[in-house]
Amino acid sequence: MAITIDEAVPGPATDDAPPARRRGGRGRMVVEVLLLTALAVAMLFPVLWMLETSIKENRDVYAVPAKFFGFDLTLDHYKDVFVARGGGRSDLSGSFLNSVVVAGASTVLATVLGVPAAWAYSRFTLKAKKDQLFFILSTRFMPPVVVVIPIFLMYRTLGLIDTKLGLVLIYAAFNVPFTIWMMKGFVDEVPAEYEDAAMLDGYTRLQAFWRVTLPLLVPGIAATAVFALIFSWNEFVFAVFLTSSQEVRTAPPAIAGLIGGTTVDWGLVAASAVVFAVPVLVFAYLVRKHLVAGVTLGAVRR
Amino acid sequence: MTTTTDHPVQEASAAPPPAPGRSPRLTDRRLALVFISPAMLLLLTMSVFPLLWALYLSFTDYSATRDAPADFVGLGNYTTILTSPEVWQRALTTLVYVTGAVALQTVLGFGIAYLISRRARGRGVLTTLFLVPMMLSPVVVGLFWKFMLDAQFGVINSMLGSLGLGQVEWLTRQRTALLSLIVVDTWQWTPFIMLIALAGLTAVPAYLYEAASIDRASEWFRFRHITLPLVWPLLLIAVMFRAIEAFRLFDLVYILTSGGPGVSTETLSFHVYKVAFLGFNTGLASAYGILMVLVVIVLAQIYLRYLNKLKEG
């Protein structure tokens, strides 16, 4: 299931470990640093370019050749993201609000369902436990375009098409496997002896879980929930096929919709993309310690 | 999910013979059931049931826009798909895309991780910076790049122009469109491979390198015989994970090229979408879907088996 990387390797020891650097000589180090810088620039350039576009005057946005410096600054694009042309709230800001509601609610649901299940999988001997866990993870690998066809028909029958509830349910289902795998790792780290001791003191198993283990799991739950939040926030395929009205539409399809017309207001696209991405980056920074586990759906831990 | 903490628990609860009469294991089992079944129920209704429905539809000529009841056509849809040269064309496109993107990401990601792991200072900052693309939504990434690759006022062509090179119609030419898609996917997911490779690289015990340098082993020897064997298993996990994800890819194609020009960037995922939501040939699309799911299941099984072997080994 999961691989654990031994963290016992002392940090400082690895830091001054490679004597090769000294032996390899200065030239080589310079080359390595230059290479790393070049790669970092290549990786970050698109992000910086988008930031720059979002604060450029329109005529500079479409300037040929592109203006890297010396453009006129404006915050109009950001204003357009939130305020409609004629005053009042813009459609995009409504979509952002929908995204907050849908991502938040689905994360809560996935956490409430996933955490107890993870605890049970960690603590009890169950029939075909490994198979169950693998089954759970494999549902996460289904191609969304394929799943969306029967889900679409199912929702149409149930009247869940174009409702926030429909999106919340599918996102929760999509985050539960992740929550279980990720949380099982955290539960495994809490010694079961704590619960045994509590049970000797007269607690029931349930009370031991609730009073002893759960409080210790809070940091893990927070990290897991943040990842679930990011996944739901970024999700596009289900959002675009299962919703259509302005009242329900979340931000990803709304932003993608900005490029549908004949002329594209790239300044607005850039500004809304930045507004959309900033919360994700902030949250990702908060859970940076758990990134390896988070992005592999809890399969690889360090 | 470490084995080390996993086992003592079970042994501790299994070792003493259960007290006669009031067995605590029974309540434990009930508790496990209560805790697990809601999550399982959600997965069964939202993942398994839809899949079974798709399986049923794949044997019919059902169309989501027609009111007529579905007629049973047996394996008709499957034979249509498997004998259609169009589908093989899409499969080839998908294969080129998956192989190209994953190979590039692996080489670049491992390279960056290796370079970062050799730096004594600034590792944290560097890693964080490199990880930014991965956290962004494919929608945002797709739009970023669509703008940058624009033939008229895109910054890429502008830079090529100032270098004295010709303009390239990145997303609207048969040859370059798939390449652009691979480049964008590589840009977004190289950090993923980097992150996991870095986790492996920093876990290589320093004493191995010390021993090797005492033996005056060459740099290449150390890389080949110490670094690579220790990082390889983890790297393979990352590669398999990415391959599955790339195979499922839909959003980037949808935003960047919509499968065009012609069908040059139409991956299997995108083709399923066209059949299902533009052609409304639901039965046929379901059959496509089931076949894709089979491929994913096979890939995922290999992945999970390997993960399991790695954990036990």
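In case you wondered, yes, glycine gets a Cβ from its N, Cα and C as well.
Caution: TrEMBL annotation is automatic and unverified by curators.
Feature annotation from TrEMBL assigns domain 'ABC transmembrane type-1' to A:96-287.
If you look up TrEMBL, you'll see A:1-23 marked as region 'Disordered'.
According to TrEMBL, the feature transmembrane segment maps to A:29-51 (among others).
Sequence-remote contacts of a segment are chain residues at least 6 beyond its ends whose Cβ falls under 8 Å from one of its Cβ atoms, and for the transmembrane segment (A:96-121) they are 129, 132-133, 164, 167-169, 171-172, 175-176, 178-184, 186-187, 209, 213, 217, 221, 224-225, 228-229, 232-233, 247-252, 275-276. Annotation comment: TrEMBL describes A:96-121 (among others) as transmembrane segment.
Under the heading transmembrane segment, TrEMBL lists A:133-155 (among others).
Annotation source TrEMBL lists transmembrane segment at A:167-187 (among others).
For A:208-233 (among others), the entry in TrEMBL reads transmembrane segment. With a threshold of 8 Å between CB atoms, the same-chain residues lying at least 6 positions outside the transmembrane segment (A:208-233) that come near it are 99, 102-104, 106-107, 110-111, 114-116, 119, 171, 174-175, 178-179, 182-183, 185-187, 189-190, 194-195, 198-199, 251, 279-280, 283-284, 286-287, 289-290, 294.
Beyond the transmembrane segment (A:266-287), the same-chain residues lying 6 or more positions past its ends with a Cβ under 8 Å from any Cβ of the stretch are 50-51, 53-54, 56, 58, 61-62, 76-78, 80-81, 92, 96, 223, 226-227, 229-230, 233-234, 251-252, 255, 258-259, 294. Among the features that TrEMBL reports, transmembrane segment is placed at A:266-287 (among others).
Listed by sequence, the residues of this chain that lie at least six past the ends of the transmembrane segment (A:133-155) yet keep a Cβ under 8 A from its Cβ atoms are 1, 121, 161, 166, 170, 173-174, 176-178, 180-181, 184, 237-238, 241-242, 297, 299.
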